[in-house]
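Colleague: Residues annotated as active site, charge relay system in TrEMBL: T40, H43. Among the features that TrEMBL reports, Zn(2+) 1 binding site is placed at C38, H63, E64. The NAD(+) binding site feature in TrEMBL is assigned to I175, D195, R200, L262, G263, L264, I286, Y287. Sequence annotations record features per position, and here TrEMBL assigns region 'Disordered' to 343-414.
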Amino acid sequence: MKALVKERAEAGLWLVDVPEPTPGPGEVLIRVLRTGICGTDLHIRKFDDWARHTLKLPLIVGHEFSGEVVEVAPGVENVAVGDLVSGEGHIVCGTCRNCMAGRRHLCRNTVGLGVHRDGAFAEYITLPASNVWVHRTPVDPDVAAIFDPFGNAVHTALSFPLVGEDVLITGAGPIGLMAAAVATHVGARNVVITDVSDERLDLAAKLGVTLALNVRRGSVADGMRRLGMREGFDVGLEMSGNPQAMRDMIANMTHGGKIAMLGLPAEEFAIDWATVVTSMITIKGIYGREMFETWYNMSVLLEKGLDLSPVITDRFAYHDFDAAFDTAASGRTGKVILDWSGGARPERARNEPTKAEAAATMNTSGGARPERARNEPTKAEAAATMNTGGGARPERARNEPTKAEAAATMNRSA
């Protein structure tokens with residue numbers, strides 16, 4: 001299969017042929033449809049100090065993806081061949097105190113997909129079934145591919161109540177843009193986003209923010225005056241990792257304000273701790289997504305009409321990865337998507353089913369399942385083409401439809 005690999009300890013990525021992975025116990029094999037380019041991938045391509053000290057080469061990169069399940073290992077439940085899925089890119093140990101308490105996002109032994117183990121920029125990927133999110137409601141594969149960064153945005157934005165609040169977002173990168181869309185959608189009063197890129201601020205305006213402010217031409221305080229705000233922001237979402245952005249945020253919070261900080265600074269920096277103390281400001285660090293409460297929230301937000309399509313600005317075939325990475329690195333775009341859907345197993349005859357497709361025609365008791373008609377869509381294809389009005393509610397704990405949802409699905413298909 002084709003894969004995008006960090007082969008050598010130098011700048012660049014290489015599209016090469018590698019063996020197709022085989023799912024181990026508790027894993028599934030996924031045919032990758034789309035992938036999203038993340039800032040982490042840009043660091044890896046550049047091979048900066050972080051990448052130099054973190055990666056073990058060679059490595060298949062990438063962790064944002066959507067795909068179709070083509071094979072399921074024995075013992076895996078609640079994931080089936082044909083499912084449209086996304087993947088949680090943080091693989092946890094399951095045995096530490098936080099994991100055992102259900103706080104998997106706080107696992108001290110987290111392994112990063114595309115960083116510590118082979119990732120998703122390939123035609124196929126294996127993943128523990130416990131890290132697979134099955135899309136039970138219709139979602140475009142492009143949007144499904146960015147559930148990882150969308151989850152960062154949702155985790156950050158929903159850290160504090162937003163209804164009726166004035167919200168300041170510093171950083172209009174793709175995650176900041178999605179956080180702005182979430183804050184607006186759930187009922188914030190004013191949503192102000194700052195950046196130095198007019199292109200990204202234009203995207204923010206399309207997402208419905210109250211004010212998109214270029215801080216090269218105006219201050220946060222100026223923006224507050226334009227909106228008639230007198231007491232500062234109730235909630236701050238720091239998405240940039242820029243020290244001055246954090247300082248500006250602290251200076252413009254109301255007393256008792258709350259800050260969720262996702263942006264990773266490149267180095268230590270000073271802030272006005274006296275203001276933090278005397279204004280009783282709460283600062284909360286955010287990393288990754290809550291598993292799987294954030295994923296449930298994402299699915300419901302989309303089902304209830306949140307539109308992320310303006311965030312996706314550029315699409316490339318995977319073999320045009322260099323142009324795609326250059327576009328993502330420009331700092332002027334939203335999310336950049338790589339399309340992998342043209343890939344197929346060359347060893348299989350055109351009309352011959354894969355092992356996974358053949359296995360899917362047999363039930364666990366040995367009886368044959370009715371075979372899918374040649375032109376009938378898979379679950380993944382059907383999910384990608386259905387409208388959002390017919391979606392079933394995703395179940396919180398096990399990502400499994402209820403009996404009522406299953407019955408509703410049968411009625412629709414009949």
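Heads up, the Cβ atoms here are built off N, Cα and C, so glycines get one too.
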Colleague: If you measure from the C-alpha of H63 (Zn(2+) 1 binding site), which of the recorded positions T40, G263, I286 fall inside 10 Å?
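Modeller: Checking each Cα against H63 (Zn(2+) 1 binding site), the hits are T40.
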Colleague: Among all protein chains shown, how many Cβ atoms are found within 10 Å of the Cβ of T40 (active site, charge relay system), not counting that one?
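Modeller: The Cβ of T40 (active site, charge relay system) has 20 Cβ neighbours within 10 Å.
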Colleague: Sort the recorded positions T40, H43, E64 by C-alpha distance from I286 (NAD(+) binding site) and give me just the closest.
Modeller: T40
Colleague: Apart from C38, H63, E64, which residues in this chain have a Cβ no more than 8 Å from the mean position of the Cβ atoms of those residues at the Zn(2+) 1 site?
Modeller: T35, G36, I37, T40, D41, G62, F65, G89, L113, G114, G119, A120, D148, P149
Colleague: Pop the Cα-Cα gap between C38 (Zn(2+) 1 binding site) and D195 (NAD(+) binding site) into the table, whole Å please.
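Modeller: Per the Cα atoms, D195 (NAD(+) binding site) and C38 (Zn(2+) 1 binding site) stand 18 Å apart.
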Colleague: Looking only at H43, R200, which of these recorded positions has the biggest number of Cβ atoms within 10 Å around its Cβ?
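Modeller: Counting every other Cβ within 10 Å of each candidate, the maximum falls on R200.
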Colleague: Roughly how many Å lie between the Cα atoms of L264 (NAD(+) binding site) and C38 (Zn(2+) 1 binding site), rounded to a whole value?
Modeller: 14
Colleague: Secondary structure at T40 (active site, charge relay system) (DSSP, helix/strand/coil)?
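Modeller: In the DSSP reduction, T40 (active site, charge relay system) maps to helix.
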Colleague: Return the residues near E64 (Zn(2+) 1 binding site), defined as same-chain residues 6+ apart in sequence whose C-beta is under 8 angstroms from its C-beta, sorted by sequence, else 'none'.
Modeller: T35, G36, I37, C38, G89, A120, A145, I146, F147, D148, P149
Colleague: Out of D195, G263, L264, give me whichever of these binding-site residues has the highest number of other Cβ atoms within 10 Å.
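Modeller: Max Cβ neighbours within 10 Å, all protein chains included: D195.
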Colleague: Just how many other Cβ atoms lie inside 10 Å of the Cβ on I175 (NAD(+) binding site)?
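Modeller: I175 (NAD(+) binding site) is surrounded by 29 other Cβ atoms within 10 Å.
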Colleague: What whole-number Å value do you get for the CA-CA distance of H43 (active site, charge relay system) and R200 (NAD(+) binding site)?
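Modeller: About 20 Å separate the Cα atoms of these two residues.
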Colleague: With every protein chain in view, how many other Cβ atoms are within 10 Å of the Cβ of C38 (Zn(2+) 1 binding site)?
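Modeller: For C38 (Zn(2+) 1 binding site), the count of other Cβ atoms within 10 Å is 24.
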Colleague: If one looks at the chain holding Y287 (NAD(+) binding site), which residues at least 6 apart in sequence have a CB under 8 angstroms from its CB?
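Modeller: When sequence neighbours closer than 6 are ignored, Y287 (NAD(+) binding site) has H105, L262 within Cβ distance under 8 Å.
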